[in-house]
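Working notes, structure below.
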Amino acid sequence: MELRSNNSTITAPKPKGIIDPNTGELIGSDDRFFRDINAELSDKGFLVTSADALITWARTGSLMWMSFGLACCAIEMMQCSMPHYDNERFGYAPRASPRQSDVMVVAGTLTNKMAPALRKVYDQMPEPRYVISMGSCANGGGYYHYSYSVVRGCDRIVPVDIYVPGCPPTAEALLYGILLLQKKIRRTGSIER
């Protein structure tokens, strides 16, 4: 949140939302029912919020990922899970089953023979599901781009949300991709997806 300065007074910007054209105020800001409930519950330690904001907050802090390591990028993905980087501090924990995971990290060269397996695993993931494409080979074929047996990017098989470039990308780059995915989830919410 950015603070605006008006001479010597610092004020926060008005909250964003749907504005009533008649009054110029946010819709629901003058609703006595919600004002009374908020006043009654605020001193008891309760927070009144929308369900979408609560779901989005919980989802960004508890992303369960499943690795789909196909080549050398998978080693950097494993390094990201080690204590030096510790991606679990961001709520990004590994899962072995696609039915328990929210994020699939495709790391490495995707061949034509492996593409149906990738799609099958992706279809087993529950909604909302996200895909991080890690490395040049997963992004666009990489070094093997002109080979007859390589898919030129995993986005031809599954929809990709975040691309992490590099050959192989560093663990820091993957962590940055994870943080970008969390930012994307916060921005889009769960209902819009």
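For all residues, glycine too, the Cβ spot is worked out from N, Cα and C.
Annotated region 'Disordered' per Swiss-Prot: 1-21, in sequence order.
What Swiss-Prot records for 1-11 is compositional bias 'Polar residues'.
Taken residue by residue with DSSP, Cys72 ([4Fe-4S] cluster binding site) is part of neither helix nor strand, so it is coil. What Swiss-Prot records for Cys72, Cys73, Cys137, Cys167 is [4Fe-4S] cluster binding site, and it gives sequence analysis as the kind of evidence.
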Does DSSP give Cys167 ([4Fe-4S] cluster binding site) helix, strand or coil?
coil
Cβ atoms within 10 Å, counted per site: which of Cys72, Cys137 has the most, among these binding-site residues?
Cys137
As a test of the contact definition, list every same-chain residue at least 6 positions from Cys73 ([4Fe-4S] cluster binding site) whose Cβ is closer than 8 Å to its Cβ.
Ala107, Gly108, Met134, Gly135, Cys137, Ala138, Pro168, Pro169
CB within-chain contacts under 8 A for Cys167 ([4Fe-4S] cluster binding site), separation at least 6:
Gly135, Ser136, Cys137, Gly142, Tyr143
Other than Cys72, Cys73, Cys137, Cys167, which residues of the chain come within 8 Å of the [4Fe-4S] cluster site, judged by Cβ distance to the Cβ centroid of those residues?
Ala71, Ala107, Gly108, Thr109, Met134, Gly135, Ser136, Ala138, Gly142, Gly166, Pro168, Pro169
